[in-house]
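Chemist: Quick paste of what Swiss-Prot says about this protein:
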- 7-30: disulfide bond (DISULFID)
- 21-27: disulfide bond (DISULFID)
- 26-51: disulfide bond (DISULFID)
- 39-58: disulfide bond (DISULFID)
- 1-66: domain 'Disintegrin' (DOMAIN)
């Protein structure tokens, strides 16, 4: 049970009615971050990872191709 989280229903620990998410890199104030919001900066051959706007997870983006150098 996570009663300290304002997004979390204390009984089910799922998002409260009307809220999108409880936690995650793409969740802020119980709502999904906008699509295209950087959730993880790229390093080396990895590109930036971006929020989708429909999930609190930060999906992995593909590696940079040689054409992008």
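Yeah, the Cβs are placed from backbone N, Cα and C, and that goes for glycine too.
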Chemist: With DSSP as the reference, give the number of residues of the domain 'Disintegrin' (1-66) in helix, strand and coil.
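Modeler: Per-class counts: 1 helix, 13 strand, 52 coil.
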Chemist: When you rank 21, 39, 51 by Cα distance to residue 7 (disulfide bond), which of the disulfide-bonded residues ends up on top as the closest?
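Modeler: It is 21, whose Cα lies nearest.
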Chemist: Fewest neighbouring Cβ atoms within 10 Å: which of the disulfide-bonded residues 21, 51?
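Modeler: Ranked by other Cβ atoms within 10 Å, the disulfide-bonded residues 21, 51 bottom out at 21.
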Chemist: For the disulfide-bonded residues listed here (27, 58), tell me which residue's CB has the most neighbouring CB atoms inside 10 Å.
Modeler: 27
Chemist: Can you check which residue among the disulfide-bonded residues 7, 26, 30, 39 has the largest number of Cβ atoms within 10 Å of its own?
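Modeler: Of 7, 26, 30, 39, the one with the most crowded Cβ is 26.
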Chemist: Want to know which disulfide-bonded residues, from 30, 39, 51, 58, are within 10 Å of residue 21 (disulfide bond) at Cα; which are they?
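Modeler: Within 10 Å of residue 21 (disulfide bond): 30.
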Chemist: Relative to the Cα of residue 51 (disulfide bond), which of the disulfide-bonded residues 27, 30, 58 have a Cα no more than 10 Å away?
Modeler: 27, 58
Chemist: Relative to the Cα of residue 39 (disulfide bond), which of the disulfide-bonded residues 26, 27, 30 has the closest Cα?
Modeler: 26
Chemist: Could you measure between residue 30 (disulfide bond) and residue 58 (disulfide bond) for me? Cα positions, answer in whole angstrom.
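Modeler: Computed Cα spacing between residue 30 (disulfide bond) and residue 58 (disulfide bond) is 15 Å.
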